[in-house]
Amino acid sequence: MPGPKTATPTPPASLHSAGDPLHKGEGKDWYPSGLEHIWLPYAQMKTAPLPLPVVRTEGTRIYLADGRELIDGIASWWTACHGYNHPHIRQAVQKQLEVMPHVMFGGLVHEQALTLASRLAAMLPGDLDRVFFTDSGSVAVEVAMKMAIQYWLNAGQGKRETFVYFRGGYHGDTLATMAISDETGMHQAFAGLLHRHLVADLPEDEESEAALVTLLERHADTIAGIIVEPLIQGAGGMRFHDPSVLTRLRRLADHFDLLLIFDEIFTGFARTGTMFACESADVVPDIITLSKALTGGTLPLAATVARKKVFNAFWSDDPMHALMHGPTYMANALGCAAANASLDLFEDGGRLKQVACIESSLKQGLATCRDLPGVVDVRVRGAVGVVELEHIEDLNGLRSAFVEKGTFIRPVGSVIYLAPALTIGQDDIVRLTQAIADVLRERR
Ligand SMILES: *Cc1c(COP(=O)(O)O)cnc(C)c1O
């Protein structure tokens, strides 16, 4: 058995040879020396291409240490909805930093968090008006799951610990959320560890609805809730479905007396063309999760928002009925200040108009991809444009090809997608869609 010492891999050769993407002789040794100590996400560290050193961002631009400039097609996992470094958000964070960067949320509250909670409650449909803050999307989903399970316990309905989730869905990387994500490849190593929830096809037609009804009939008394990413399943493959699916889910959840959870971490904040995807179907879920664009890509923050009936199940003289959760950095004041500033920027409705423009530009720009070899589908909804391929063999090669075209686009699975800042200009959309068409054409 190799001990830890001998198991330490040598740094990639290219780091110390011609591949060093940093300017030479400027004392920036943080890149080669730091790379030996960093562990990157979703990456086979041995074979993954070297990560690009970023020194600055602005609007829809990523600036690299070697002076290159990339047009960002995915806004840092869809978070930077107003573009990077928006002055309004920056000022709000700076101002908050002077006063109070953070204070624990146990026994203490502050203006930014309470203001944000009331604003979210006012924006969200129906009586979704009780906000629990966390610091990441996965944890927001875990909190939603805990709320749903305990809702039934507190109501004296016994153990209902199973969730219905959908093929193609993604809800996070933590142990509880992996179990409700259809990521067979991604989370395979942990399969034996995960609670067995119930996976179904989205009820898109009569047949799939009938199958779901059968599943619910069989298991209703052990199911806590149904969880879905409304309108667009994001990280699991950028798959779209019709708003009628959400109407069906609401009807079924009501019929079988189940909680309906919408994970709007990807779709929230205008990404799909309405402020929240649930508005497209006029459906109010019982619990909604938000993160990603909540702070406009500035700071980590997430929220799980519950309807009155969910909250009321916890409202009791019994301490055992309390929700036992409380991340150390929950409701971080800087994050809440960023989120409040981000919401300001949505207030005049301008962003929704921009999304409509992006939608038509993406449709126009990606149309040529339809006839390219290997392309099986091109689809656009809101500020999301997708080119689906039969399969992508060389994911890393494709990613590098986009960088060579001066763009940052990061295909996943078998899809190349764009989810840019909602402030992106027409010219940039043209260059992004052009890059996709060119790369696909040049792809042998
Ligand atoms: C990104 C994402 C998550 C997980 O959020 P993290 O902040 O990465 O933990 C959960 N659900 C959806 C729909 C997401 O897009």
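Using N, Cα and C of the backbone, Cβ positions are placed for all residues, glycine too.
According to TrEMBL, the substrate binding site annotation covers Trp77, Tyr170, Lys292, Gly326, Arg410. Close to Lys292 (substrate binding site) in the fold, though at least 6 residues off in sequence, lie Trp77, Trp78, Thr79, Gly137, Ile265, Phe266, Gly268, Phe269, each with a CB less than 8 Å from its CB.
Taken from TrEMBL, the feature pyridoxal 5'-phosphate binding site covers Gly137, Ser138, Asp263, Pro327, Thr328. Under a cutoff of 8 A between CB atoms, and with a sequence separation of 6+ in the same chain, the neighbours of Ser138 (pyridoxal 5'-phosphate binding site) are His171, Gly172, Asp173, Thr174, Thr177. Classification of Ser138 (pyridoxal 5'-phosphate binding site) by DSSP places it within a helix.
Under the DSSP three-state reduction, Lys292 (substrate binding site) is assigned to helix. For Lys292, the entry in TrEMBL reads N6-(pyridoxal phosphate)lysine.
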Sequence-distant neighbours of Pro327 (pyridoxal 5'-phosphate binding site) in its chain (C-beta under 8 A, six or more apart): Thr134, Asp135, Val139
Rounded Cα separation (Å) that holds between Asp263 (pyridoxal 5'-phosphate binding site) and Tyr170 (substrate binding site): 9
DSSP three-state assignment (helix, strand or coil) for Pro327 (pyridoxal 5'-phosphate binding site): coil
Trp77, Tyr170 as binding-site residues, winner by CB count within 10 A: Tyr170
Cβ neighbours of Gly326 (substrate binding site) where a neighbour is any other Cβ within 10 Å: 14
